[in-house]
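Participant: The following feature annotations were taken from TrEMBL:
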type: TRANSMEM; residues: 12-32; note: transmembrane segment
type: TRANSMEM; residues: 52-76; note: transmembrane segment
type: TRANSMEM; residues: 88-110; note: transmembrane segment
type: TRANSMEM; residues: 130-147; note: transmembrane segment
type: TRANSMEM; residues: 159-179; note: transmembrane segment
type: TRANSMEM; residues: 191-212; note: transmembrane segment
type: TRANSMEM; residues: 241-266; note: transmembrane segment
type: TRANSMEM; residues: 272-296; note: transmembrane segment
type: TRANSMEM; residues: 317-345; note: transmembrane segment
type: TRANSMEM; residues: 351-369; note: transmembrane segment
Amino acid sequence: MHVAPTTELKALLRLAGPLIASQLAHMLMVLTDTLMMARISPQALAGGGLGAASYSFVSIFCLGVIAAVGTLVAIRKGANDIEGATRLAQNGVWLAWGLALIAALALWNLEPVLLLFGQQPENVASAAEFLTLLPLALPSYLTFMALRGFTSALGRSTPVMVISVVGTVLNYLFNVALIEGMFGLPKLGLMGIGLVTAVVSLGMAIALALYIRWHSAYAAYPLRKGLSRPSLPALRELWRLGLPIGGTYMVEVGLFAFAALCMGVLGSTELAAHQIALQIVSTAFMVPTGLSYAVTMRVGLYYGAGNLLAARSAGRVGIGFGAMIMFAFAALFLLLPEALVGLFIDRNDPAFAAIFQVAVQLLMVAAWFELFDGMQTIAMGSIRGLKDAKTTFLIGLVCYWLVGAPS
C-alpha cells in the first residue's frame, strides 16, 4: 500500500521530533562536560577531551548493538507479534548490562594504550582522572537506550524527550555544584564530571523504567514478566543485527577518535581546539541521528507488515528532509564560526587565543562534510530498518578507514 509523502513526513516528524530533542539533550550533557573542563583549566580541557574521545570510542559500539532493540521491536510490532517484541525488549536490557561491564573494564585500563599511541603524559593523566568514575554510567545509560528503543518502536518517544531534558538540567546543576564546591560539596574536578554523569544516567534509566511499568499504553507488553530469565534465541537475534550496527558506529567514531589522537601528538592546543569543534559538529549531528532512528523505526514497521512500497517511501522522505536540515547547518558553520566557538571560550583570553583560532579553522572545514555525513546517516538508518546492517558496516569500513584515515 502506498503512503503519500506528506502523510509519511508528518508521521516521521511526530516520532523524530522527540528523538531529536532527546539526542540534543544528550549532546548538551556532553557540551556541559566540555564547558566544565574549560572552567577548570586549559589542561583539563585537553586531557578531558582525550578521555571523552576514548569513552565515545568504546561506548559507541555498545550503543550500536543496543540500537538493534528498537529496530527489531518495530519489525515485530509491524508483524503484530506482541510477544516477540516484549521478549526482544527484555533481552535488550540483559545485553545492555553485559556490554556495560565489558566496556567499563576496558575504559579503566586504557591509560597504557593512550601512552602507547604517543599521547602526552599530562593529557593521559587528566584523561585517566576523567575516566575514574565515568564508566559507572554505562549500565544505566545503556539500559535507558534499550528502553528508549522499545518505547520509540511503539511510537511513543515523548517520554524519552521529557526525561532527557530533565536529566540535562540536573547534569548542569550537579556539575556546577561539584566544580565550584557549592553547598559544602568537595571540588572534584574532572572526576566529579564523571560522577555526575553516572548519577544522572541512573536517574534517567529508573524514570523511564517506571514510566513503562505504570503507563497503560504498555499493558500489552509486560516487560517485568520473564525479565529474570534471559532468552538465548532473542539475545542471538539482537547480537546478529546489533554487532554490525555497533561496528558501523565504531568505525565512524573511531575515525574521530583517531583524529583526536593525531591532534594529541601535535599538542595540547590542537587537541583542545579539536574537542571544541567536535562538540559543535556533534551537536548539529544529533538532528540527523534522531531522524535516522525514526526512519529506522518507520521502515522497520512497514517491513514487518510486508509493505515494502511504504518502507521505501519512508526512507526517501527521511533522506530528503535530512538533506535540507544539514544544508542549513553547513551554512551556519561557514558564516558564523567565531560566534559558535565563542560559546565555549573567550577569544580575548590569552590562555585560549591560540585554541580559538584553530577551532574556527576546524569548524569551517567541518561545514563541507556535514551535509553529506547527515544524509548517509539517515540512508543507513533506512537500510537497517530492513534488517540489513552488514551492508552499512562494510560501506563505513571502506569509506572511513581505507579512504578517510589515510587522507
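Glycine too: its Cβ is placed from the backbone N, Cα and C atoms.
Automatic, uncurated: that is what TrEMBL annotation is.
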Participant: Out of 159-179, 191-212, 272-296, which stretch has the largest tally of CB pairs under 8 angstroms to the transmembrane segment (52-76)?
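Facilitator: The stretch with the most contacts is 272-296.
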Participant: Can you see whether the transmembrane segment (241-266) and the transmembrane segment (191-212) are touching - at least 3 CB pairs under 8 angstroms, only pairs 6 or more apart in sequence?
Facilitator: no
Participant: Kindly say whether the transmembrane segment (272-296) and the transmembrane segment (159-179) touch, using the definition of 3 or more Cβ pairs under 8 Å where each pair is 6 or more positions apart.
Facilitator: no
Participant: Please determine whether the transmembrane segment (191-212) and the transmembrane segment (159-179) are in contact (criterion: at least three Cβ-Cβ distances under 8 Å, sequence separation 6 or more).
Facilitator: yes
